[in-house]
Amino acid sequence: MGAQLSTLGHVVLSPVWFLYSLLMKLFRCSTPAITLESPDIKYSLRLIDREIISHDTRRFRFALPSPQHILGLPVGQHIYLSARIDGNLVIRPYTPVSSDDDKGFVDLVIKVYFKDTHPKFPAGGKMSQYLESMQIGDTIEFRGPNGLLVYQGKGKFAIRPDKKSNPVIKTVKSVGMIAGGTGITPMLQVIRAIMKDPDDHTVCHLLFANQTEKDILLRPELEELRNEHSARFKLWYTLDRAPEAWDYSQGFVNEEMIRDHLPPPEEEPLVLMCGPPPMIQYACLPNLDRVGHPKERCFAF
């Protein structure tokens, strides 16, 4: 009788255990592993691909620890790359252009500042030239997440005044964005997060400044998003040196551009900025003030 009960128990428990094991595997698969577990730890990631986007712009793809890993970077945050270059530790911030939903890899689009191309910076960019010199299989150290802003979805932003302060929550219906050059990467990160959620009705207005038309980073990605989400994403360019047949603005960011292409102050939008410090200090902030956007609703990455 005992043997029969033992056999019966085995017959009953085996399917239950099988189902339990299957559910546990599915649960583990649905919760991807996070690479950036602590902002205080450096993670060595391997270069697995390089794409030439233009004469001075590259897309670098780095492998995460496993095909099941995501980077684990909240929307609005950035990472730091660090490397020993000519005997000195060089650290630079970057915002990935890949989605944090992407498993197994992270993409960075970086403009390479070559030496002897800009008279004010004859040595060029240390980190960007180092990345350009990397071979497939080489590694570099990532650290993060870092930053004072996190987009939590549905128009809600958590913004810390400084690293030691608790975040202040700002909920908006529209977001104004002013980007200059490589400052487009954090904007694209936020725009993608908003557009991929059909229940997020936040409207994004992007004013993107560059020197020439060929300098416009990530233009195909931006225009694809605009075409797919025309009601929620408004895109406008301005160039320092525009071609003759140019449908957008020409010149530095000014009061008129902000009035025409960013949401009005009456909507109480949040205005995000990212670009060269002189652009933020002399073009963005004074003209935003003239239009009527209060400082507490403006944030510079």
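Backbone N, Cα and C define each Cβ position, glycine as well.
The N-myristoyl glycine annotation in Swiss-Prot covers Gly2 and is backed by similarity to another entry.
Under the heading domain 'FAD-binding FR-type', Swiss-Prot lists 40-152, citing sequence analysis as support. Mean predicted confidence for the domain 'FAD-binding FR-type' (40-152): the pLDDT average there is 96.
Per Swiss-Prot, N6-acetyllysine is recorded for Lys42 (among others). Under 8 Å, Cβ to Cβ, and six or more positions away along its own chain, Lys42 (N6-acetyllysine) finds Ser82, Glu141, Phe142, Arg143. Secondary structure at Lys42 (N6-acetyllysine), taken from DSSP and collapsed to helix, strand or coil, is coil.
Per Swiss-Prot, the feature phosphotyrosine maps to Tyr43. For Tyr43 (phosphotyrosine), the same-chain residues 6+ apart in sequence whose C-beta sits under 8 angstroms from its C-beta are Thr35, Leu36, Pro65, Glu141, Phe142, Arg143.
The FAD binding site annotation in Swiss-Prot covers Arg92, Pro93, Tyr94, Val109, Lys111, Phe114, Lys126, Met127, Ser128, Thr185 and rests on similarity to another entry. Taking all protein chains in view, 22 other C-beta atoms sit within 10 angstroms of the C-beta of Tyr94 (FAD binding site).
Marked as N6-acetyllysine by Swiss-Prot on the basis of similarity to another entry: Lys120 (among others). Its own atom aside, the Cβ of Lys120 (N6-acetyllysine) has 4 Cβ atoms within 10 angstroms in the protein chains shown.
The distance from the Cα of Lys111 (FAD binding site) to the Cα of Lys120 (N6-acetyllysine) comes to 17 Å.
The Cβ neighbour count for Arg92 (FAD binding site), using a 10 Å radius over every protein chain in view, is 16. DSSP gives Ser128 (FAD binding site) a helix state.
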